């Protein structure tokens, strides 16, 4: 960094109008696990079974009971709601699941904004963990909530099945029953809720599916100035309660996005900032000299440091000596496996097990693969994605640190020579497939920028201690933007042979459809226990026909598709259920990319929301260019500069 940059920054500060700064507070929990406890403030609430139990379940409550409990779970970082001249806006969407344990159940759950981290004493029962008999109707309570009430506890309640807006009070400002909408809050079914505040009006939407934003799902909209009831800074989260009437109050997923007000500008701020900028400029200059001297010694790479410092995803930076100590200096006894990009070692850091990937010096694009992993998954949080904990670059060593997966990669369980040793039951395999579909659907549709994995295969699927699947190895992954342009040609083909869609060899393009194809091959692998290059007939056939896909289509044509079942399952499976999964896998492997289902459709089939797509008994011929889809679609693609080479077909 040069002095001129500091002077330019100083000039901008002096000439710009000093205004209130606004930042975006944004987080997304597609599901919950124990590691998320560090991101929440919990008061008598727990993370169990992939959800926040806002009031304890049977095993978690004081004295082993769920009666007469109040609980609270808040996001750890406070949200600045307003300042002298500005009011924040926010949107939040969450999936709740409330199931009664008595008949009727009680009492309810609420989304809240409050400065208080804990529920008031004696706030169980009708008080929903928000207020108690003493603080009810008291402006010092400082709480605004959207309640999902499951019991008519007082005369003002419409019924025991309504949504309401409450301000410092258990008696509602506005309430609407859901009974006329065919929705029962404590049915034990997932409900999706969306709360929107535009600075003037608060609107609430509720639906039994994910299409909550449709206007018909609007429950109520109410004009309210939140700054009149709440302090400048609040927490957002959930509160719930039970009485002698009990229920389980679960939050299964939660996302929040809002404009966070940082405060009002003034001249004091200006005069404090000017000398700081000057000092920072000098420090940056000296720092640049230091980094350059270290770079010459081969210890760091300023280009990599700068690129990672500027990206939104910025996981922890480790020291090389820390990782050497954690892995026993990368000792052979700690080696977990080896893949196309390098070796993986088990380590111990701050009392927890970690996995450290040491990117191979022979990987000619090691820097690109290294940066790709950090920039794509560094800030993703999904229960079916391997969590990236941090990175290190020192002395020409590229190192990535992940959460440790005790059961290793999926391929070592699928491709056992002695099938009788397999411990992957049909239920376990189904859960693996469903978990991976959730991960891929999240990458394609749930992120701010769509992410293509481009290397989906069994060796890139990791298993935790309960055999839950997590997709990993994002060395080839890329973030892409929507574009009205057609696909760009690429210089090289990316992926692993056997998992690559046929059109890839002709156009060299990576798309969501090529990801779906690879996922289809993986589905067939998981069910059959066969590798993608499995050959049934040992004659001279071409690569297109010599594959697990062709073998499955032959079985389907002969009416014996369930014969593909891995002998390791010992015929302990539902044939119709397996047939449905195999047909879905074949649909994903359709030669025409425009005929493959989206991951959203795949997930709906796996969760029983819809039937598998129609699959022809004869495998369609591969024709290029493919027949266009029957609808207009927005194109997602990668440019040539974003392509890497093929990866080796080996496990970690």
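Along the chain as shown, residues are numbered 1 onward.
Even glycines carry a Cβ here, placed using N, Cα and C.
As the structure is a computational prediction, the values presented were derived from the model and not from experiment.
For reference, Swiss-Prot has these:
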| type | residues | note |
| --- | --- | --- |
| SIGNAL | 1-20 | signal peptide |
| REGION | 24-257 | region 'Legume-lectin like' |
| CARBOHYD | 33 | N-linked glycosylation site |
| CARBOHYD | 91 | N-linked glycosylation site |
| CARBOHYD | 97 | N-linked glycosylation site |
| CARBOHYD | 100 | N-linked glycosylation site |
| CARBOHYD | 122 | N-linked glycosylation site |
| CARBOHYD | 139 | N-linked glycosylation site |
| CARBOHYD | 201 | N-linked glycosylation site |
| CARBOHYD | 244 | N-linked glycosylation site |
| TOPO_DOM | 288-652 | topological domain 'Cytoplasmic' |
| BINDING | 336, 337, 338, 339, 340, 341, 342, 343, 344, 357 | ATP binding site |
| ACT_SITE | 455 | active site, proton acceptor |
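Structure with Swiss-Prot features highlighted.
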residue	record	CB count, 10 Å
33	N-linked glycosylation site	16
91	N-linked glycosylation site	16
97	N-linked glycosylation site	19
122	N-linked glycosylation site	14
139	N-linked glycosylation site	11
201	N-linked glycosylation site	11
244	N-linked glycosylation site	11
338	ATP binding site	15
342	ATP binding site	23
344	ATP binding site	26
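Around residue 336 (ATP binding site), taking its Cβ as the centre, 18 other Cβ atoms fall within 10 Å, counting all chains. Taken together, the residues of the region 'Legume-lectin like' (24-257) have an average pLDDT of 90. Here the Cα atom of residue 336 (ATP binding site) is found 43 Å from that of residue 91 (N-linked glycosylation site). Summarising the environment of residue 455 (active site, proton acceptor), the number of other Cβ atoms within 10 Å of its Cβ, over all protein chains shown, is 28. The shortest Cα-Cα distance between residue 33 (N-linked glycosylation site) and any of the recorded positions 91, 97, 100, 201, 342 is the one to 97. Here the C-alpha separation of residue 342 (ATP binding site) and residue 97 (N-linked glycosylation site) works out to 43 Å.
Look at residue 344 (ATP binding site): DSSP puts it in a strand.
You'll find the Cα of residue 338 (ATP binding site) roughly 16 Å from the Cα of residue 455 (active site, proton acceptor). In terms of C-alpha distance, the listed recorded positions 91, 122, 201, 344, 455 place 122 closest to residue 244 (N-linked glycosylation site).
Of the candidate recorded positions, 97, 100, 201, 344, 455, the one lying closest to residue 139 (N-linked glycosylation site) when CA atoms are compared is 201. Here the candidates are the recorded positions 91, 122, 201, 455. The one whose C-alpha lies nearest to that of residue 100 (N-linked glycosylation site) is 122. Recorded residues residue 201 (N-linked glycosylation site) and residue 91 (N-linked glycosylation site) have their alpha carbons 12 Å apart, per Cα-Cα distance. Across the structure, the residue listed as 'active site, proton acceptor' and residue 97 (N-linked glycosylation site) are spaced 35 Å apart at their Cα atoms. Calculated from their C-alpha atoms, the gap between residue 91 (N-linked glycosylation site) and residue 344 (ATP binding site) amounts to 40 Å.
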